[in-house]
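K.L.:
Here it is, the structure in full.
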């Protein structure tokens, strides 16, 4: 494929975009049911009907996200099959004992989300049942994120594949799987905070019957989630980079070149602005209806640039011919 950016081709760019879409939809898939269950619980405990309305809207958003999640997963798989069939097909064969459980978890997640968002079967039942349904859906989505990261980590360790036939759960022992699962959990926390901020924004419309205090309370909750999750995400990233050592950092940035440096700069800037939006909303005690839109845009920028940086780091880590050989080859071609 024709190179679009130095070191990147069209297939890698499309793959990065699909990976970002899959990660973002996973974050939403984890956070939306959990945030809805949280509001459902407190609505029953403290008699807040406006929280139940917000929970219903989050449930509808979770249903819409199902289509995005399925499309992103299918697109990622198809692109991998087209670009690297020799690497993906053997991995799928060795991971065959795990795949039925992953399909079962995905089907159960979709069923729980659809059940939560529907009114069927909930009349006359205690609110705790619906709360448990939403919480179970969010935890299943987190499990799916762990399976995805574990399988991706196992893809780079062919020596592990024969062990999967004896014990399918050995894929969860990959050292990088827990780190990136925690990354998804923190990303879901930020996404849930943004969802709460957007849900609280509706109270500031002139035609809304929801009290302004209720909308401000949701925005405060959401801003606190965004601030805590983003701060922990930054600390996690800094700890991971620090654990690699200065030699690895120099080699990676040298190998990644200008695209990786630009991606890191944009990632840091987006994360700082996201923290500033959350702090500003908390300072204004939730009276910031536009903060939700700004936080959503900045979180999307963080997800996109994080995918960009991850792809650049993985590309820089791949072994390749020395730069002297490349230069000599280019010189011969020029002659």
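Each residue, glycine too, has its Cβ placed from N, Cα and C.
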K.L.:
Of the residue ranges 20-41, 152-173, which one carries the transmembrane segment annotation in TrEMBL?
P.N.:
20-41
K.L.:
Cβ pairs under 8 Å with the transmembrane segment (177-198): which stretch of 20-41, 218-240, 260-279 has the most?
P.N.:
218-240
K.L.:
By Cβ distance under 8 Å, which residues at least 6 away from the ends of the transmembrane segment (88-116) in the same chain are close to it?
P.N.:
29, 33, 36-37, 59, 62-63, 66, 80-81, 130, 133-134, 136-137, 140-141, 143-144, 147, 151, 154-155, 158, 161-162, 164-165, 168, 171
